[in-house]
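Database features, via Swiss-Prot:
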| type | residues | note |
| --- | --- | --- |
| BINDING | 180, 222 | Mg(2+) 1 binding site |
| BINDING | 222, 224 | Mg(2+) 2 binding site |
| COMPBIAS | 288-305 | compositional bias 'Basic residues' |
| DOMAIN | 174-260 | domain 'Toprim' |
| REGION | 277-314 | region 'Disordered' |
């Protein structure tokens, strides 16, 4: 390999440091490297042969002298594999003389040239991509956005006689998200959220109110006064389970994906939202509490209205049986047997245990019930999720130590707790 020829297949660079107790020159160092490693390793790793066949490159030496001592760096390009390169790097440390002087060589590192090249490729690709974006003409960007918008518009559906803008899943989803306008539906559709419906104005159509009573409903309103007005109207005629808002001063149609996901993740039960934000007038609050409690207890709606009139700022919990009858006492006595066990049981109509369950698997166990079951009793907390699946499976009683965040209780299900 000629002196001017560069090694083009370099995989690694061996970096070594040399210290000599005297003044030495570059040829002295190169000679010591070849001479003192000769015969040390097998013929396959002989430096002269490796250089002749192009498997190592030209040895580079940068050295300088000061105060009668010399120090510098040795760099050897290698196209050998990792193991062979490591052996070669270690062999340099056996050199103890350079020219007439005692010397010491220490391998500092073995650099992976390909990793450096990959990093260069990534950085350069970023620059090229950035330039592509910046150089794209406004007309091209508008054209791309028009195509994307057309695709979203094609997916948009309609709901009810009012032909309200809605996502394609509005007719099949068990949960819906109510927003203000068509632009909000389009924006959420862009992020893959398809169970939305728009009220199209401050006056909420009755069809939305009726739909909200059949589905688990989340109101997603703008973070301004308009959002509050729509929320008030929706609470007057509908049944809202959860509420969330865009950040203050922002509209749902302008939110980025992360903002949308955070807002939906942080939704809270309606009663808790009203108590925290205090955005309803007193009469509105009365109507809202009456509606939430009267939904499942219409015969006693007037009494419930009076009971909750002074509790506007307290979280509304599902009312459980206030008078402890014999059945309730029996259930509580049975529950005490499971206290601290982390277990529960599925009972038939005669209150005979048909299956013992682990609390951590309680949801799946109820979901997979195939035989007739009457009661589920367990050492844990009753959640809205358990209420929903128990109702679906025809369970008549859920018995546990307490309940949490239950906003919708089916008429066919009785909840008994120690609270």
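Keep in mind that glycine also has a Cβ here, set from the backbone N, Cα and C atoms.
Looking at the domain 'Toprim' (174-260) alone, the prediction's average pLDDT is 87.
Counting Cβ atoms from all protein chains shown, residue 222 (Mg(2+) 1 binding site) has 26 others lying within 10 Å of its own Cβ. Taking the C-alpha positions, the distance from residue 180 (Mg(2+) 1 binding site) to residue 224 (Mg(2+) 2 binding site) comes to 12 Å. Packing around residue 180 (Mg(2+) 1 binding site) is summarised by its Cβ count: 26 other Cβ atoms lie within 10 angstroms of its Cβ, all protein chains included. The 10 Å shell around the Cβ of residue 224 (Mg(2+) 2 binding site) contains 14 further Cβ atoms across the protein chains shown. Shown for the domain 'Toprim' (174-260): DSSP residue counts in helix, strand and coil, namely 36 helix, 18 strand, 33 coil.
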